[in-house]
Amino acid sequence: MSTPTETTLATGAGLTSHDMVLNIGPQHPATHGVLRLKIVLDGERIVSADPIIGYMHRGAEKLFEVRDYRQITVLANRHDWLSAFGNELGVVLAVEHLLGMEVPTRAVWLRTLLAELNRVLSHLMFLGSYPLELGAITPVFYAFREREELQAVMEEASGGRMHYMFNRVGGLKEDVPAGWTGRVRDAVTGVRRRLPELESLLVGNEILMARTKGVGVLGASTIQQFGVSGPIGRASGVDVDLRRDAPYLAYAELFAPGGPGRVVTRTEGDCLARLEVLLEQVHVALDLADACLDRLATLPSGPVNQRLPKVLKVPEGEHYVATENPLGFNGYYLVSAGEKTPWRLKLRSASFNNVQVLSRMLPGQLVADMVAILGSMFFVVGDVDK
Amino acid sequence: MSAPKDKRGRDGILPGLLKGMATTAKSVMRPTHTAEYPHAEPTLPPRSRGVIALLEENCTSCMLCARECPDWCIYIDSHKETIPATTEGGRDRQRNVLDRFAIDFSLCMYCGICVEVCPFDALFWSPQFEYAEYDLRDLLHEKDRLGEWMATVPPPPALNESAADPAEVTAANRPERGR
């Protein structure tokens, strides 16, 4: 006979809880595509968060290596599908620098104008989709109405609504149609006039404030560690804007003292600050577009592109070009071996870095705030996965 | 997180809601901006990249478009035909005859490089976009289908008044060589 022993079968869990691993995505409406977040939860609190990327990796950099520079602009404008013009721009600027090519003045100002219109388009998309993620359905309709006006003028000039394919090495594909500048002026004026309607649904709305104020605060030091850039960096007081600090195109003149350009910053670093930066940047971009139109009206007649040889070979060398895309720094590191294709074209995309910082931001937050924080990072998955 | 308090110290989500409703009410008064697509035709600009049309007579089957296409979605087959000399002691001439010209629109990225590189103006953009199919394979348009799109190609828009003269005009105005 064995002696009776005391065995503890189970203890009451009481108030302690077990960690739970929760997968957000890859198919989740708040991830704007196929981003997967692996979140470890302790009750309602996030213990750790791990963005798992690569579901949409298309090997863009490798594809660049077997295509000539005109074909590269086709591919390059697709990684961040909301800012195709900005993406094309970096490639052609890098090639033009290695070639030592001067771009006609009209092309420089038209490029600046189109880049700013593209910035408004991209920002309006997020100004519509972010409230959607917070549960407000209405703002997206106002944002898309304005996008439609601007897309119409972009389509009239380039033929595309998203993938403009309007940049060429040495300038633009062709000149803009007659009367186009007038229609751009009308569109810009119309968007500026109606923007307060969209703002009235966002700024100062108590529900939106409750969801975003003080939520997901990102410190300036974390931003520097992770290489976060663009509106998200500026919302935390990191006062960097390549349009002012490393000017390309006509931005040196636009951001000169007394010019219409200004860098929008906030110091709070929370979700609300990021949304506010985006909203104010739309106003600045519209002002810049107006300034470009004023300037274009005074420029003498001239070409918008350079005559190129049938086979365009870029001399041996390397060059890095970074431009201020709507979502942050977009850089291309071009290494040419003197061929008609690049030896290597490294792509530094804004969203890639902006998404990585989630692993630092999300721990300690409530799971209910997760979507509010994720949405406020303003990323495009194509730009993350490249 | 509690909602911010209003001046009287109450939880106030009401002002925001009212402001939103006021904006909505203002929009209700205006005519709708959206066009009911199948019933209302969209007006598309002439440069709009909808479908690529082929003018078969202009094609010399030089293959430039097929080679420059970033994803190689243009298929061209051709053979050479000999035209006998028309005069006594003349030379027989050779001519390319286009057998097949097809664009696979399920692969096409709508970049327009083929239209741009065509040296003989055989390819054109048309804003026509209503060619969706239930089967992916039906998006491969052969040359007769591509030719039908020619009827929908609009004339190009006039250029901005500050635009430089087109290359043809500059070439025509250039003084003749040797003068």
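Glycine is no exception: its Cβ is also placed from the backbone N, Cα and C atoms.
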Would you mind telling me which of B:68-95, B:152-179 TrEMBL tags as region 'Disordered'?
-> B:152-179
Which whole number is the mean pLDDT over the domain '4Fe-4S ferredoxin-type' (B:50-79)?
-> 91
Other than its close neighbours in sequence, what residues sit by the domain '4Fe-4S ferredoxin-type' (B:50-79), given a CB gap under 8 Å and a spacing of at least six beyond its ends?
-> 44, 96-105, 107-109, 111, 113-115, 117-129, 131, 141, 143, 146-147, 149-150, 152-153
Tell me which residues of the chain lie with their Cβ under 8 angstroms from that of B:Cys62 ([4Fe-4S] cluster 1 binding site), as long as they are six or more apart in sequence?
-> B:Asn96, B:Pro119, B:Phe120
Taking the Cβ of B:Cys108 ([4Fe-4S] cluster 2 binding site) as the centre, how many other Cβ atoms fall within a 10 Å radius?
-> 20
Candidates B:Cys59, B:Cys65, B:Cys118 (binding-site residues) - the one closest to B:Cys108 ([4Fe-4S] cluster 2 binding site) by CA | B:Cys65
Roughly how many angstrom lie between the C-alpha atoms of B:Cys114 ([4Fe-4S] cluster 2 binding site) and B:Cys59 ([4Fe-4S] cluster 1 binding site)?
-> 12
